[in-house]
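Notes follow the structure.
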Amino acid sequence: MIPATNQRPPATILFIFGGSGDLNLRKLTPALYNLFIDKYLSEKFAVVGLGRSKYTDESFRERLLEGVQSFSRRKDDLDDTWKSFSPSISYLQMDADDAGAYPKLSDFVAAKKKEWGEEPNVVFYLAVAPQLVPDIATNLGKLPLCGEKSHVRIVVEKPFGHDLKTAQELNALLGGLFAEEQIYRIDHYLGKETVQNILALRFANSLFEPIWNRRYVEYVQITASETVGLEGRGGYYEGSGALRDMIQNHLLQMLCMVATEAPISFEANEVRNKKVDVLNAIRRIRPEQVNDVAVRGQYGPGEKDGKKIPGYREEEGVKPDSATETFAAVKLYVDNWRWEDVPFYLRTGKSLPEKATVITVQFKPAPYYAFPEEATQDWHSNQLTIGIQPDRDIRLRFQAKRPGQTLAIDPVEMVFSYKDAYSSQEPEAYETLLLDVMTGDATLFMRADQVEAAWKVVTPILEAWENQTPDFPNYAPGSWGPEAATQLIEKDGFHWTMK
Ligand SMILES: NC(=O)C1=CN([C@@H]2O[C@H](COP(=O)(O)OP(=O)(O)OC[C@H]3O[C@@H](n4cnc5c(N)ncnc54)[C@H](OP(=O)(O)O)[C@@H]3O)[C@@H](O)[C@H]2O)C=CC1
Ligand SMILES: O=C1O[C@H](COP(=O)(O)O)[C@@H](O)[C@H](O)[C@H]1O
């Protein structure tokens, strides 16, 4: 977390494998740029993007400037600030499979050490598909500079591994090459202010905790919807799909924040222990139950705002008969005293109508309703909604008497909005997390056992889906996904709040 004092990290070199990729363009460079503006970067800072694509330093900077122009939370005074920031960026064209290219990284570090007159911290950020991670880590591990343990950190993007087995193998491999304190398994949702605030809401107040359990909560739903389709990420996404890309990590981590028991301190391992307890308590899905509790979808071609949208299978890098899901919804149960039999519905997808991440805790209806039924038109209340993004807010929706001589009961909302409550702009998740890596704070990162426990939750679904041929495409771009996802929740008598 960003320290209260404006404490800068030491001299740092950040190597980004996948420098030419979407993540760097959309999130990492804009985050570094904002850290630079806020003076959180060391004056001795260099970032090197790596990839097979052809760029010069200059053309790479131009490309990243486009990213900042489109995706940075701050774009004002861009010309001057970018001029000061961009010289710290360079590009190294290299194939990650080419073991002979890695010594170039050591040469870069040695040159900077000489220029700066001090030993820099070296961060290797692996913003690449999970299949590439083992080879990159192995090649890095052979560099003499990685022997100097305290100066080197490695950041591994999600999904961590491709499944449980590869995640276990990767944990073992990394554990043999680096000390656990050097390994940062990133899940950027944990860096979001609104996600971190769930713990504050629950455990810095006494108001909600007494009702935060199976006696009062009817169900919980978490939606992370995106309007974008693939956007040129076929190389990565085709081998992943929505379950691996979003549910195994981001959505399960949000579920953990909602479901965890109170930690006794906010020390990194205590919080992580509590979250692992939640993952381990999630009821194992039996193979024959998968189709009842999990739905997958893939968008076909369509039209949005008068514009033609290509179907997923028409995107670059995607097989014409691809079985990769761009939508997934699951129903889970957390088997413990607090949550027994409370369903948790999770849903995510690409090419949906809205970009929004929202958690809804639905409380049970009043046990006895003395008001005449006809006085109440809208029964959707008793709800706490946590807006993660883009609306960052907490809404408590409850029934109230509409003023007037006739008795009418309607839902109203009490709203806490970040925008109204705080004048300063909060940092983006990647700003917080990159700074944490540079300062060596692992609180918001995943431990090996957490990642494996999350894979265990989705494994039965992955296995079942692998053995069935899906009826794809099965939803139109701009819709809320396949009809079966609506049924998943409505057959229980509930509904998605966004629809
Ligand atoms: N995009 C996003 O918003 C987010 C992405 N992530 C994670 O980031 C990771 C990357 O995703 P994303 O950036 O979207 O994917 P992209 O497909 O956009 O990028 C993949 C990157 O990998 C590089 N690459 C592929 N093969 C090689 C190789 N043999 N040698 C060197 N570089 C190679 C590509 O470079 P080149 O083609 O030039 O070789 C490219 O830079 C994934 O794990 C994803 O889950 C996490 C959060 C958000
Ligand atoms: O990890 C990922 O997250 C992004 C969505 O992140 P957000 O912060 O914009 O909600 C998603 O687009 C991408 O496919 C996935 O890899």
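Just so it is clear, glycine is given a Cβ too, placed from its N, Cα and C backbone atoms.
Keep in mind that TrEMBL annotations are predicted by a computer and have not been checked by a curator.
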Among GLU169, GLU226, GLU373, GLU374, indicate the single residue that TrEMBL lists for the substrate site containing HIS188, LYS192, ASP245, LYS350, LYS355.
GLU226
Cβ distance under 8 Å to LYS192 (substrate binding site), same chain, sequence separation 6 or more: which residues?
ILE388, GLN389, ALA429
For the C-alpha pair, I'd like the distance in angstrom between LYS350 (substrate binding site) and HIS250 (active site, proton acceptor), rounded off.
15
Neighbour count (Cβ, 10 Å) for HIS188 (substrate binding site)
23
For GLU226 (substrate binding site), just count the other CB atoms lying within 10 A of its CB, please.
19
Cβ neighbours within the same chain of HIS250 (active site, proton acceptor) - under 8 Å, at least six residues apart:
LYS158, ASP187, HIS188, TYR189, ALA224, THR348
